[in-house]
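Chemist: Sharing the record's features from TrEMBL:
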type	residues	note
TRANSMEM	B:12-37	transmembrane segment
TRANSMEM	B:57-79	transmembrane segment
TRANSMEM	B:140-159	transmembrane segment
TRANSMEM	B:188-208	transmembrane segment
TRANSMEM	B:220-245	transmembrane segment
TRANSMEM	B:257-277	transmembrane segment
Amino acid sequence: MNRTFKTDCIGYALFAILLLVVIPWAVSFDGFALNTYARYLALGMVAMALALSWGYAGILNLGQAVPFALGAYIMAMHLKLQASAHMPGGLPDFMGWTNVEALPWFWQPFHSLPVTLIAGIAVPVALAALLAVFMFRGRITGVFVAIITLAFLVAVQLVFIEEQRYTGGQNGLTGLAPLQLLGWRVDNYSTQFYYLVAVCLMTSLAIGLALVRSKVGLVLKAIREDASRVRFFGYDVARYETLAFCTSAAIAGWAGMLYVLVLEFASPTYMGVAFSLAIVIWCAVGGRESLVAAALGGIIVNLLEGRLSDMFVDGWTFFLGALFIVVVLVAPRGLFGLVQSAVRHAGKTIRSERGGARARWLATGMGARRIDNGGR
Amino acid sequence: MDAFLNQAFAGLSMASILLMVALGLAIIYGAMGVINLAHGEFVMLGAYSAWLLQTSLGLGILVALPIVFLMVALVGLLVERGVVRWLYHRPLDTILATWGVAILLQQLVRSVIGSESRYVAGPTILDGNLVLGGVVMSNYRIFLIFFSLAVVAATWFLLKRSEFGTKLRAVIQNKEISECYGIRADRVYALAFAYGAGLAGMAGALITPLVSVTPSMGTYLVVDAFLVVIVGGVGSLLGTVAAAGMVGEATAMFSMLMNDTIGRIAVLLAIIFLIRFKPMGLFPDKVRR
Amino acid sequence: MGHLELKNLSVQFGGLKAVNNLDLSVAQGELRCLLGPNGAGKSTTLDLICGKTAATSGQILFEGRDITGLSEHRRARLGIGRKFQTPSVFKELTVLENMEIARSQNPGILASGFVFRTHIRGRLKEVLELVELKDHVHTKAGNLSHGQTQWLEIAMLLIQDAKLILMDEPTAGMTIQETRRTGEIFNSLKGHHTMIVVEHDMTFVRQIAETVTVMELGALLAQGSIEEIENDPKVRAAYLGNEVANHA
Amino acid sequence: MKRRDFLKGVAVAGAAGVVGFPGIWTQRKAAWAANGEIPVGILFSLTGAVAVVERTLHDAALMAIEEINDNGGIHGMRLRPYIEDPASDPATYADRARRLVLRDNCISVFGSYTSASRQAVLPVVEGRDNLYWYPTLYEGRECSRNVMYGGAVPNQQQQEFVPWLAENFGGRFYLIGNNYVYPREENNVCKMILNQIGGEAVHEEYVPMGHSDFSSVINRIRQANPDVIFCTLVGDSDVAFQRQFHAAGFDPEQLPVASLTRSEVEVKAMGGEAAAGHFSSAPYFMAHDSPENARFVEAYQRKYGSDQVTHFVSEAAYFQIYQFKAAVEQLAPSDITATNIRAAAVGQTFMAPQGEILIDENLHTHLWPKVAQWDRSGQAKVVLESQQRIAPEPYWAYEGQRCTGEGLVTS
């Protein structure tokens, strides 16, 4: 395990260099481009969060957009309250229009920034925990998890659209104030803001890596392979699955908060089926077995979407659809798997030239043994 | 009482549409484990095929049905041969690939036919309503209910009584052994996929008199159809019928008591609970696992 | 009072009584062999003890404690280990990672969150040497030979340090040498661990058995030393055509 | 295992090469003054659910740009449209609007149909003091200094429509709409008017966007037995509702559907048969008889096909380009900025297909509301026409609030 730790560090460091140095320099610190990349990074963060539960624990969460959107709405509620300070009763404009008399209790705490920042992670986690306990205590796995989370996603979105009085309905929360962070008025086109998002991504990535490189990650991998066998070693499988699910939700909520800062509004489309499936696709394109790769997948696909729609305004989705099909057919393990097998192949050629004799000896030794076993 | 009966009929009518969309999906998912997110697009293609046949050849949708079935089944066959057949051993990946197919098909229609909404005339012989006391039932919807049941019956016959069905069931049970007996599993899969797609196409053609035909019309349908299939239980025709009936009726009843949005939320939550406590579906195989 | 006691244990699948009013007592440190024709309910009995299957009626006592209603992982934490008929190791993980999973004295999440590396020393090193896998620690379990896989699973049970080890045909697919070696390992475990072994290979049974229990149709048929069993007419009848004799 | 993680590094580096290559991926800066072009953004969805309508807006806007360029541009400068496809997704609207405003330096952006997308674009245009030309009817209650509102607000659609309906068919209204801000707000206004004239809303309900099964709704309508269905369903839902309502055998003379959102596009999709006899209120209908409209329809059909229809939003998408042109024409080339265009646009009149329109100082448009009845051919016959141009009052229903040239004023 120690050697993997070292290579993890290399991957992490290279990713950090990409985010912190290469991208800002490549766009020569242009405000618009940094804002765009900040958006991609936030989306990469959600994709990474999904890899944590899908890639490691085999929990395909088609409702990953729920914690993301909750984080987004919570941040937006705070900013909306800031923007509504001059309104009668501090009531957000849309509430006035829908005849809400007083600020509802669940909006009250979000006057406070610390509460908002904590809730942006805690609320998605709490909801995820409820759902996780509900599912995993019942030993729900595979496609059933996918369908339950999908149905849950649709239901939550409907609630948000229906309760227009409290959530802004289909329009979501708009007309937000800029965030005041420790006296700093966050400008989402600034270099500092880009670095804020990048550092958040790197931090969440570090947390994710620590989790999957610890024994927890090992147990999760074992669960993905054979959950009942893990139980016979005394592990409470449901609890491990819940942990993965909740950590994933926490990071998604965090990413959602950043996303609102980038785009300056929260919308129920953040918890739409299309968006939620898109997260799965980013994760798959990057490679769900690696957190760094999944994050990159989120960044690359979004970048590509942006590029394609720029180059072929008519019919750019053609290329997008084709890309997904090709990735699944040619690179089932994503770009990560593709690169991995390419390098492994290259490595093998080199090795076989150097230590061919030894390899052959090993191979025949193993082969002989297998034949032995066959004839019992 | 009339209100209740009217609403019960509305539920049946919703169920019949749901059933026709879900049936093809149930076969594709039940037989091959393929999670086909492009299913809604097959429905959409069916609707566009009906439009095409009506505007270019003047065929009414009922006359056009067999042709629509064949057209969409052909598309299904191409999708299966081109994409899906490589993915039988990794079912979760089919989610991504078929999503890609869905995007592709939508854009194809948009580029070739245009993004505007299309009009397809309903069959005039089924205009009008049947009035029984205070209950008003649209003739077309009555027709849909019976037609959907007929499709189920035909499918049941195909699966249980025909040679193709026997082969399909053999392949589902054990692909390797079936191949030893000379069944060409890949061909059976391809035909089953095409059949499922064709059913979706027919459903698409049949709903054209009720809805708006647009390139993105399928997206709304696929999620609901999937929920029905899973609630009904994998590979159980009876389960799919029962699940469609339940979801349709539940939607109608909740909608009568509250409103359509809350009705839908309630149905979704009920589905979540059903899957949680009965993951094998309404009518699971009673075999020890 | 035995280490493990089954009292009136029954389980029913549909109309079939797979285990029928079974009473069984295994003493601390004993190695008990469980024999019986196919469908006698041997594997189901193991399933009942480890919690894979829930009992319809009856009681399971382990170290005097009623564990009938406990979930699998709770039983495992009490010290019940299980080896399955088909070798079930984690094929995607390396040998060392498999061992780390099995080394589950602290199976809680918090404890696991602070484990980042597995040191090959102490008991782990001993066990790996015992099963001759020390040179393969970084091999993926999926790439091991069949016999190695069986041993890996045995090693995992050893490192798990279960007080009660349930084995379902541990030597299936092993060569004669490997089987003998397995028998030696088992013999060395007697006294420290209580073991229940389901086995068909009578040579192996003779090598390891102290007391043998024979089941038929979910119920206890006979119990005693290997000689007593082999000469029991009821057992002979149950095996229709002297399967026991053939094996012997 | 070890190698895998090394590879992660390689993958990262490789991706960095692809993704982060300088220049290619970022800037597309156009210095419009230098090469005699005026960059404008065109932001209508060409893909996704809203593309059904927005495609026609895109077409109409581009046609106007082409006409202007063919006739010598503005002071010899051509309009250079930067086209983006926001894919019916608010987040993508926001992203593409940033591109147009910040990267492509457009001095105005023309775009979008839904309220949600307008709201998504607002922070960008307000943050950079740009101008967003929004051609769609909307719920009012907004007073941005950075949006040029080309569509009707509630008072322009309902002020005459609702009393007329009540007078002719009765005052018991059944309100049905999709579940978002526009229908809810229009229904608030409708209920207010009904209150004043002694009518009532017998039932009010909202269905999710894209909802397409109206059996339950139709059952409820049958039970409530209203005089008028007041309908603010949009797009697919409107089409599905009307077809099912028609199939259920209601007689438009007894129970008409009165829509604020139904245009020639929806009617074409639902079929003239289903729409015949029902009413819509809008400032423009394709069948409107005026030389400007004849020219507009003729040009549109010549360009995009004779089966195409024009409607009240595409008309606005079209005339807004001309309003933009008229404003820019008043400016010296060196003065062409978004804020100057706004200042120049206020008070402008333009002979649009619907009649002569005027931009109010609150940046909304004075329009000519009409009520029309649909016929079997899919065209609308105007049955009630406003005698004068109606001023836009986005806060009509809110006493004490007015949208003025200084923004929202509360008294």
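In case you wondered, yes, glycine gets a Cβ from its N, Cα and C as well.
Can you walk me through where each of these features ends up in the structure?
Modeler: Long-range neighbours of the transmembrane segment (B:12-37) within the same chain, counting only residues 6 or more positions beyond its ends whose Cβ lies under 8 Å from a Cβ of the stretch, are 43, 84, 87-88, 91-92, 94-95, 98-99, 101-102, 138, 141, 144-145, 147-149, 151-152, 155, 168, 171-172, 189, 192-193, 195-200, 202-203, 206-207, 210, 221-222, 224-226, 228-229, 232, 234-237, 240-241, 243-249, 251-252.
Outside the transmembrane segment (B:140-159) by six or more residues, the chain places 9, 12-13, 15-17, 19-20, 23, 27, 122-123, 126-127, 130, 165, 168-169, 195, 199, 202, 206, 209-210, 237, 241 with a CB less than 8 A from a CB of the stretch.
Long-range neighbours of the transmembrane segment (B:188-208) within the same chain, counting only residues 6 or more positions beyond its ends whose Cβ lies under 8 Å from a Cβ of the stretch, are 17, 20-21, 23-28, 31-32, 34, 36, 39, 42-51, 61, 64-65, 68-77, 79-81, 84-85, 88, 120, 122, 144, 147, 151, 155, 158, 164, 167-168, 171, 218.
Tertiary proximity for the transmembrane segment (B:220-245) is limited to same-chain residues at least six positions away from its ends with a CB under 8 Å from its CB atoms, namely 12, 15-16, 18-19, 21-23, 25-26, 29-31, 35, 37, 39-40, 43, 149, 152, 155-156, 159, 172, 268, 271, 274-275, 280-285.
Same-chain residues lying 6+ beyond the ends of the transmembrane segment (B:257-277) with a Cβ under 8 Å from its Cβ atoms: 227, 230-231, 247, 250-251.
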